[in-house]
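Listed in TrEMBL for this protein:
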BINDING   C:Cys40, C:Asp42, C:His101, C:Cys104  Zn(2+) binding site
There are 4 protein chains.
Amino acid sequence: MDTLIDGFKRFRSRFFEEHRRLFEALASRGQTPKVLLIGCCDSRVDPAIIFDAQPGEMFVLRNVANLVPPYAPDAGHHGTSAAVEFAIRGLDVEHVVVLGHARCGGVRALIEGNGETDNTDFIQGWMHIARSARDRALALTLSAGQPIDAARRMCEQETVAISLANLMTFPWVRERVEQGRLMLHGWFFDLESGELFRLDPITNTFQSV
Amino acid sequence: MDTLIDGFKRFRSRFFEEHRRLFEALASRGQTPKVLLIGCCDSRVDPAIIFDAQPGEMFVLRNVANLVPPYAPDAGHHGTSAAVEFAIRGLDVEHVVVLGHARCGGVRALIEGNGETDNTDFIQGWMHIARSARDRALALTLSAGQPIDAARRMCEQETVAISLANLMTFPWVRERVEQGRLMLHGWFFDLESGELFRLDPITNTFQSV
Amino acid sequence: MDTLIDGFKRFRSRFFEEHRRLFEALASRGQTPKVLLIGCCDSRVDPAIIFDAQPGEMFVLRNVANLVPPYAPDAGHHGTSAAVEFAIRGLDVEHVVVLGHARCGGVRALIEGNGETDNTDFIQGWMHIARSARDRALALTLSAGQPIDAARRMCEQETVAISLANLMTFPWVRERVEQGRLMLHGWFFDLESGELFRLDPITNTFQSV
Amino acid sequence: MDTLIDGFKRFRSRFFEEHRRLFEALASRGQTPKVLLIGCCDSRVDPAIIFDAQPGEMFVLRNVANLVPPYAPDAGHHGTSAAVEFAIRGLDVEHVVVLGHARCGGVRALIEGNGETDNTDFIQGWMHIARSARDRALALTLSAGQPIDAARRMCEQETVAISLANLMTFPWVRERVEQGRLMLHGWFFDLESGELFRLDPITNTFQSV
């Protein structure tokens with residue numbers, strides 16, 4: 001915990017002092033981010049670091065494997081859907097970025113279904129959102145005699161497409177997209193090479209930015 | 001979106017180049033964060049900025065109002081609980097920090113129940129996790145003739161305590177806490193003053209760090 | 001039983017004789033207390049003694065651990081909710097005082113979950129109302145290496161706040177509080193030191209009166 | 001509220017100072033009352049006043065109309081049954097006194113079924129425990145052309161008998177009574193005359209003490 005406290009002290013004495021006016025303005029006027037970024041909890045892919053972002057710039061939702069479940073308005077506690085609704089209906093963001101990444105532990109659990117995440121209370125149920133990504137990846141790679149690593153990479157990228165597809169099941173997302181008021185983007189970060197890819201709407205493939 | 005792309009280019013040419021070895025090591029060895037940080041999606045309170053954190057340091061879960069629901073293992077898609085499970089059972093983190101903050105829009109929706117979040121599909125259902133924080137804050141402040149801002153501040157801080165209490169309903173959290181293998185911490189960031197507070201286990205109040 | 005009969009004889013020959021007119025007036029005109037006091041059954045914390053109260057002054061509800069359950073209007077026998085309703089809707093009291101106390105056996109049963117109250121028919125189910133107080137207290141004190149006594153004390157005080165929050169779930173309580181016709185108060189009596197504390201609406205902590 | 005605070009100050013400076021050792025002993029050794037007293041919340045019939053009782057003497061449960069529901073161990077929040085269980089199984093009291101009283105508002109609501117308590121959320125459901133007392137009283141008094149006041153008085157006394165009968169539906173009450181380890185008593189206080197009556201086990205009538 002000392003690391004965190006030390007980090008806070010550095011932030012407090014440098015960044016906060018340099019941006020005091022920004023924080024005061026953000027506190028009094030409220031936030032008006034233009035972007036909802038949906039990323040993974042993974043400690044290695046922090047959106048603020050990867051996009052060198054300033055406070056107030058992105059509304060950031062982070063869960064395991066950057067997944068969005070399909071629209072299901074019922075009495076349950078839907079944390080991800082609530083955050084999506086807050087950003088889109090409450091803050092009127094203009095862009096949603098789903099940011100996938102290489103070496104995702106959630107995807108590994110989904111593909112391998114073993115080790116630390118077997119017989120879980122919640123992880124397997126949550127990753128079930130991406131089961132079609134796993135099945136597609138395994139169908140293609142196993143048929144081609146590819147190693148499991150190829151399936152993993154394909155699955156990591158497909159989770160991004162699944163979240164985009166599920167976003168369109170929310171009526172107020174679809175409406176805004178159809179009206180041209182909201183744009184959905186699929187991105188993928190390779191933490192080893194430091195490359196950023198985006199899901200190209202013409203080729204349906206991830207292209208380096 | 002250009003802002004994000006520009007930010008990524010800065011990250012790529014500076015931070016990534018300076019930390020290339022760290023990223024390579026994190027990619028090949030996997031992540032081993034010691035801390036699960038549960039924060040809010042709010043664009044003004046980014047944990048990586050506030051704690052000047054390095055890649056690999058914190059597993060970061062962000063949802064509206066930094067809430068943890070009570071343990072409820074069923075067939076639903078429990079994104080927050082899955083992330084908690086991944087961090088604690090999968091990564092064996094030693095600390096959980098729940099980070100609340102001032103001027104939380106989720107808490108404002110909960111307290112005022114009007115405007116942008118009336119008749120929501122998911123926001124009110126999600127914030128229902130913190131209803132006892134709202135009721136406690138209103139009971140005390142209204143009875144004392146305090147303004148609604150006092151209720152909001154108290155409620156923002158109480159959501160942190162609710163998440164800590166709900167974490168204890170997860171059997172594998174409680175077990176680790178009782179064994180001294182896991183510590184739970186309640187923190188609160190005041191974005192206007194830049195102060196960080198922690199929920200003191202002796203006085204049960206938030207004390208400036 | 002002789003002790004009780006002897007006590008009644010003392011009451012009859014002294015107190016009743018001295019207050020005969022008061023009793024007659026209270027009998028003919030009915031009761032008009034301004035305060036509903038919700039206390040514990042504990043034999044050591046009698047509200048009439050602690051507040052040196054006169055007949056007619058307080059409508060007194062006593063149950064284990066001074067708990068109010070959340071509003072749940074159904075066909076069940078809700079003794080506590082019925083008493084709250086009688087005082088507020090029937091007698092139009094202006095104040096509700098929830099009086100917690102140190103060394104509460106109900107809280108001890110909740111925290112320790114052993115001994116006399118294991119496998120109870122009703123006690124554990126009743127104390128379940130305060131489970132979040134227990135979880136909060138344990139989360140904080142265990143993480144800080146505090147002894148179980150610290151958790152007990154914190155939990156005893158938190159039960160008061162839970163009852164206040166639950167009172168606000170009754171629509172006719174909340175309405176009256178919002179209209180300024182009813183005030184809710186959280187108090188705590190330390191029977192060892194004889195001190196009385198109140199839950200301060202500004203600091204959200206118990207302060208000595 | 002000033003009345004209560006003033007009363008506490010009198011208690012603190014006189015009674016507590018005079019009984020400091022008693023409170024210290026009760027705090028350190030715990031309570032060992034021999035009596036569970038089940039009384040009404042009514043502000044005019046305070047058991048500690050009527051029996052000139054000392055701290056530690058009686059475990060006091062107070063609800064509307066001093067009722068005990070029948071034994072029904074389920075998942076509900078049973079406040080009265082929990083208090084009865086705590087006293088009998090936890091504290092091993094030797095006597096249970098059910099104390100009824102004249103001019104009971106709960107009984108009036110039951111008999112008249114009008115005014116302030118019509119269409120209640122909880123009061124009528126709670127008083128339903130005593131419906132057979134009402135029916136018996138009305139059957140007898142109406143048949144004899146008696147005024148409604150006679151029905152009320154009879155019903156007030158019958159509620160005491162109903163609580164005693166319901167206590168015997170608790171297996172661990174019945175067992176202790178059969179073994180001679182626990183005695184049940186029905187008492188009735190007339191606040192106008194200051195008289196105390198007890199339900200005589202031979203004549204089945206209330207006799208002045």
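Note: Cβ is positioned from N, Cα and C throughout, glycine not excepted.
C:Cys40 (Zn(2+) binding site) carries a strand DSSP state (E or B). Following the DSSP three-state reduction, the secondary structure of C:Cys104 (Zn(2+) binding site) is coil.
For C:Asp42 (Zn(2+) binding site), the same-chain residues that are 6 or more apart in sequence and have a Cβ closer than 8 Å to its Cβ are C:His101, C:Cys104, C:Gly105. For the binding-site residues shown (C:Cys40, C:Cys104), fewest C-beta neighbours within 10 angstroms: C:Cys104. C:His101 (Zn(2+) binding site) is surrounded by 24 other CB atoms, counting those within 10 A of its CB over all protein chains shown. Listed binding-site residues C:Cys40, C:Asp42, C:His101, C:Cys104 compared with chain D at a CB cut-off under 8 A give C:Asp42 as the close ones. Each residue in C:Gly39, C:Cys41, C:Arg44, C:Val45, C:Ala65, C:Asn66, C:Gly100, C:Ala102, C:Arg103, C:Gly105, C:Gly106, C:Val107, C:Glu156 lies on the same chain as C:Cys40, C:Asp42, C:His101, C:Cys104 and has a C-beta within 8 Å of the C-beta centroid of that Zn(2+) site, without being one of the site residues.
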